[in-house]
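Engineer: Once you've had a glance at the structure underneath, I'll fire off some questions.
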């Protein structure tokens, strides 16, 4: 079946026509049988005969393998290969990618010989409609006001009081078509046309929030008759992977979960028939079919060119890993191992060079044609040679199918309605642009009639009358007979392998992740050890006595603190769990595994860590503090704390899975800690808890834990003595004073309750994973259709601002990094060199393309030249117009569009550009001119209609990939730089958007600027818009640096003159040809070292002379200098940063709105639990309870503020690194803006909390006392918030900041003066009391409320005297704690700014 698909693969004679250079190694196929001796053949025949006598079950697990070096045949169990056997097998099969078609043909022939047919799938969709509901306009902004309005509106809708204000958005409108097996289908359409929604609908992966109508069938079966996620594979355009795993581990995990190779029943049938017909299979094919994940994984990695980075971690924005193009291929590889027969692939090749793109698509095409797969691939800029690989074309525009049929007829159809593709125009580019309102007119050929815009609806209607459309409609009328469907085509089981194998795969992965995060766990253990040492020296037995109930309270305080330490130690589990959830939800929805196989390892494998941490704590503290010396009670305390640790870890995992957001999770986690603490029986005794809160006491895990620990300690022999005035043992008195149960059975009741919580919370964690969905907005790119946006300006008037044209030269540039651990055993050098003696020059008015295959070092070179590298070793000379480059001044005159589009998520496009222009344009540019520049740049990159759209987070919300890319370019263009580096500016854009961007870049160059672009898949038009080419090969070496010439004539002449290089075909894309003929495989085949050829050429000598000339400054020139380090003065920087932070905070309800909601809940909780306790001044217990409310407030409200701000600062810090590298501002204004914006929100939080709590607790209504209460609360919340910021600034990532912060929370808790007063703290630790901010807060709050009270307790002691004698608080010195808490807030804010200035944790 050809149907216009270009070449056709036949299994009898290999490829029938033509041949691309990359796949010309068929003669050396690893599957060709060598002419061995007769003796060896006889031996092999005998071994095969022995294998055939085995039962079929055993035969499926046994194969023959030739071991190097002498080819010794060995009978192996494919399920349990030894290390040398695995190595030999991988070497034998490693060459399959060199002749992928040959390998597939051999496999197909093996099936054909015994009459086994492979299953195929025909997908039909009829009258398919997809709709979504969304708020539009300003109501769609996630502001605090809108958030609360949405909540009330949702309640109103549920009660049928109000009507819905969401508007329906049509994504796909009444589309129909057929996708057939053995056919490669290309899906084209501009962003926002509905491509992603169509692919997800066909794959059965659309979210439930989207309304779908119409019919989709596979082989005549509707989707409720089988499992579409197992029968098909959807490859997302969003790259979601575990950053800590390597490429090989990621693909291998997918293979283990989905079941690789071919269905087990088919393999058994194949072996049975071969045995009956006495057929001896090819040994490598036999091994490949029987092997599990390892061989298939390596095969896929080889095909996709990922074998070179197979053992490199994936990485993320903060951790260096694989490149963007490699990450995109990894997303494809993860799904290619699926046994599904239908593939729906969404923009899978963004960021890849045209040669690599061609190779990958061709490999997929070979698989589809030979094995009968069904495939739709959405591509943005397919090169002509890649376009020719497809058999069928689907074109979407405005949610309508305007063409669905053979590639051969698509141009005929558009000619029939008056549009013709120009001769040197890529057909795919033409098809992308012909439906566009802006570009359609240039293709109009009906000169006898006046042109008018023909809409997508009109084109779709015309297609129905075209003969292809009529044929599709006719075929749809006849249903596909279900009886024709192969029994194995559609999967009816949810999962690919047994539950045992899925559980084992998740266990193996969890162990790997724990190893990669081992530093975190080691740091936790070290921190716990330090805290244990601190605790045992604070509560040292020499200072601990057993002669009063008050002393018993100190012992109980040590137990309570130990519980909190163990509890807080599990807090980091929340952040780790949330970080993994996006990948989990993706894999769960694709039926990689059931949720319980994921949740069980994450619980069970953390248990040994809890066990060891508890041992450390109990072993260090138990005897030194002086708990009961009975060894049995020692182990009982260990058991109680261990079970409590498991329960609280389960609680934090449950919160993570329930909220799925770090900010909301930290708030909810703080609420749970607060409720557990207040109802534990320590802060408030059981008798003091109000009757309406007693239920909280009975369900609190901390109550059972503390009751268990207290019973274990105070019923011991050490406390079995009486004191004067009492007949009961002291231990029972201590227990009864706090309302605990003084019976020994309560130890086991408590342990049993905690075990119940362990099970319950982990079950709830699993239930959340089963039923809840990811918070990612999957369809954000479809809901913002933006491709019909009227006319835009043709030039950049605003870019014609005064600037100094600058050239940049670089000579003998070397860049190396420390040798990765994985390569140290194989390498003799201590460093890995990524750039090798690179030399060149970029000049004003010259547009240079920086090209090369993936891994050539293009981005690395740009990073080095732009000064963006933060690690590694750089050698060589870089000059700017003849003067040595100085990064401080260079950053002022250069712009760098990074490959990763990093922007603040909560500002609009216009605001992002305003911020960049405000800080980077000179001070003499007034606001009107600045606004004009911004608007013209937005018009230029066609973002003007979206100027009020929020940027959002990549893959989560806001702008689509291509809109984000255009914003990245616009942010740099508004800065009016002299030198611009653009790293893959057209990746992720469709052909039309790429052309728009290149026109903008060309206009920029024509103003006399120096512009360098890395580019991967340029069309002929785009490639020939460049003036010069800087071509690199893998390994970081240049192979051509020079002009392109008219129609690339200079480039073609240079390479065609090299012996062994094939001539370019007529009409072939020069960029694709150039990459093909210089590929590593061609270098190996022809024996040509293109680097040496270049360095021996006249062109190289000419370039060296040019570098020498440009490296010498002109006599009239001067070195680049500016009167100030930054474009704008310090005050303007502060105002700009504060302006952006104000917008970001107002539109961040998950932080601000949740914070206020939490504040109100906590205030009501405290007020109702401590109701009226401030008025009770007749006994000391009431004072302790009032102080307990203050202590709990500081701990919970403060920790919540600190924990919730950390993910916000962490996200913005990534943006800060980019903006600081561009010298937009210094770190101090940024830090001031981040700090200052918090102050009004904290003030409002303080007022809300203070008004509610002060009145409900019943403190004395005095103006001074109320002021001091608000004063200390405000600065306490402030220093906690700023401490959270500081912790992020001092640590490399959010998870580590959480661990570090938790250590200080617990230290502050210990030395706050509540668990153990100052007068009882050992002398050697009192210094820490004086530097503990919480101690000063409690000092201020207690002193201001009770330090001047003259009322007397029952025993006759004045309240003010007790406060002075017991706590050491002096009312006349109230100004001291006031000054100290203010100083702590200022100190932490200052250290936050200092950390931003001194540390850069971004590894590049």
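Each Cβ is built from the backbone N, Cα and C atoms, and glycine gets one as well.
In case it helps, Swiss-Prot gives these features for our protein:
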DOMAIN    156-423  domain 'ABC transporter 1'
BINDING   189, 190, 191, 192, 193, 194, 195, 196  ATP 1 binding site
DOMAIN    501-714  domain 'ABC transmembrane type-2 1'
TRANSMEM  519-539  transmembrane segment
TRANSMEM  638-658  transmembrane segment
TRANSMEM  663-683  transmembrane segment
TRANSMEM  692-712  transmembrane segment
TRANSMEM  751-771  transmembrane segment
DOMAIN    808-1059  domain 'ABC transporter 2'
BINDING   852, 853, 854, 855, 856, 857, 858, 859  ATP 2 binding site
DOMAIN    1132-1346  domain 'ABC transmembrane type-2 2'
TRANSMEM  1152-1172  transmembrane segment
TRANSMEM  1183-1199  transmembrane segment
TRANSMEM  1239-1259  transmembrane segment
TRANSMEM  1266-1286  transmembrane segment
TRANSMEM  1298-1318  transmembrane segment
TRANSMEM  1321-1341  transmembrane segment
TRANSMEM  1373-1393  transmembrane segment
Engineer: Counting CB pairs under 8 Å, which listed stretch among 519-539, 692-712, 751-771, 1183-1199, 1373-1393 touches the transmembrane segment (663-683) the most?
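Structural biologist: Comparing 519-539, 692-712, 751-771, 1183-1199, 1373-1393: 692-712 has the most Cβ pairs near the transmembrane segment (663-683).
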Engineer: Find the shortest Cα-Cα separation between residue 192 (ATP 1 binding site) and the binding-site residues 852, 854, 855, 856, 857, and name the residue that gives it.
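Structural biologist: Of all the candidates listed, 854 is nearest in space.
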Engineer: In sequence order, what residues of the same chain, 6+ apart, have a Cβ less than 8 Å from the Cβ of residue 195 (ATP 1 binding site)?
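Structural biologist: Sequence-distant Cβ neighbours: 187, 189, 346, 347, 378, 396.
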Engineer: Write out, in the order they occur in the sequence, the residues of the chain not among 852, 853, 854, 855, 856, 857, 858, 859 that have a C-beta within 8 Å of the mean position of the C-beta atoms of the recorded ATP 2 site.
Structural biologist: 323, 353, 860, 1032, 1034
Engineer: Using a Cβ cut-off of under 8 Å, list the residues of the same chain at least 6 residues beyond the transmembrane segment (1298-1318) that approach it.
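Structural biologist: Cβ under 8 Å, 6 or more out: 520, 523-524, 527, 530-531, 534-535, 538-539, 554, 557-558, 560-561, 564-565, 568-569, 571-572, 574-575, 1187-1188, 1191, 1194-1195, 1199, 1202-1203, 1206, 1283-1284, 1287, 1290-1291, 1325-1326, 1328-1329, 1332-1335, 1338-1339, 1366-1368.
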Engineer: Roughly how many Å separate the Cα of residue 857 (ATP 2 binding site) from that of residue 196 (ATP 1 binding site), to the nearest whole number?
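Structural biologist: Rounded to a whole number, the Cα-Cα distance is 32 Å.
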Engineer: According to DSSP, collapsed to three classes, what secondary structure does residue 191 (ATP 1 binding site) have?
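Structural biologist: Once the DSSP labels are grouped into three classes, residue 191 (ATP 1 binding site) ends up as coil.
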Engineer: Spatially, and counting Cα to Cα, which of the binding-site residues is closest to residue 196 (ATP 1 binding site)? Options: 852, 854, 856.
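Structural biologist: Going through 852, 854, 856 one by one, the closest to residue 196 (ATP 1 binding site) is 854.
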Engineer: What whole-number Å value do you get for the CA-CA distance of residue 854 (ATP 2 binding site) and residue 191 (ATP 1 binding site)?
Structural biologist: 25
Engineer: When you scan the chain for residues with a C-beta under 8 Å from the transmembrane segment (1239-1259), skipping those not six or more beyond its ends, what do you find?
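Structural biologist: For the transmembrane segment (1239-1259), the far contacts come to 1145, 1152, 1155-1156, 1159-1160, 1162-1164, 1166-1168, 1170-1175, 1186, 1189, 1193, 1197, 1201, 1265-1266, 1269-1270, 1273-1274, 1277-1278, 1281, 1345.
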Engineer: If you count every Cβ pair below 8 Å, which range out of 156-423, 501-714, 1132-1346 shares the most with the domain 'ABC transporter 2' (808-1059)?
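Structural biologist: Between the candidates 156-423, 501-714, 1132-1346, the best contact partner of the domain 'ABC transporter 2' (808-1059) is 156-423.
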Engineer: Is the transmembrane segment (1266-1286) packed against any residues at least 6 beyond its ends, judged by a Cβ distance under 8 Å, and which are they?
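Structural biologist: Same-chain contacts beyond the ends: 1193-1194, 1197-1199, 1201-1206, 1209, 1234-1235, 1238-1239, 1242-1243, 1245-1247, 1249-1250, 1254, 1259, 1297, 1301, 1304, 1333-1334, 1337, 1340-1341, 1344-1345, 1374, 1377-1378, 1381-1382, 1384-1385, 1387-1389, 1391-1392, 1395.
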Engineer: Distance check, please: Cα of residue 859 (ATP 2 binding site) against Cα of residue 191 (ATP 1 binding site), rounded to an integer number of angstrom.
Structural biologist: 26
Engineer: I want to check the contact list for residue 853 (ATP 2 binding site): same chain, sequence separation of six or more, C-beta distance under 8 angstroms. What comes out?
Structural biologist: 353, 355, 356, 1033, 1034, 1075, 1079, 1080
Engineer: Cβ under 8 Å, sequence separation of at least 6 from the ends of the transmembrane segment (1373-1393): give me the contacting residues as numbers and ranges.
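Structural biologist: Counting only partners 6 or more residues beyond its ends, the transmembrane segment (1373-1393) has Cβ contacts under 8 Å with 1227-1228, 1230-1232, 1234-1235, 1268, 1271-1272, 1275-1276, 1278-1279, 1282-1283, 1285-1286, 1289-1290, 1333, 1336-1337, 1339-1340, 1343-1344, 1347.
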Engineer: Ten-angstrom check, please: count other Cβ atoms within 10 Å of the Cβ of residue 858 (ATP 2 binding site), all chains counted.
Structural biologist: 28
Engineer: Taking the Cβ of residue 190 (ATP 1 binding site) as centre, how many other Cβ atoms lie within 10 Å?
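Structural biologist: There are 24 such Cβ atoms around residue 190 (ATP 1 binding site).
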Engineer: In the structure shown, with every protein chain counted, which of the binding-site residues 191, 852, 855 has the densest set of Cβ atoms within 10 angstroms of its Cβ?
Structural biologist: 852
Engineer: Taking only the Cα atoms, work out how far residue 852 (ATP 2 binding site) lies from residue 191 (ATP 1 binding site), in Å, as a whole number.
Structural biologist: 27
Engineer: Count the other Cβ atoms sitting within 10 Å of the Cβ of residue 189 (ATP 1 binding site), across every protein chain shown.
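Structural biologist: I count 27 other Cβ atoms within 10 Å of it.
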Engineer: Distance between residue 190 (ATP 1 binding site) and residue 856 (ATP 2 binding site) at the Cα atoms, whole Å?
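Structural biologist: Pair distance, Cα basis, whole Å: 30 Å.
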Engineer: Of 192, 194, 857, which of the binding-site residues has the most Cβ neighbours inside 10 Å?
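Structural biologist: Going through 192, 194, 857 one by one, the largest Cβ count within 10 Å is at 194.
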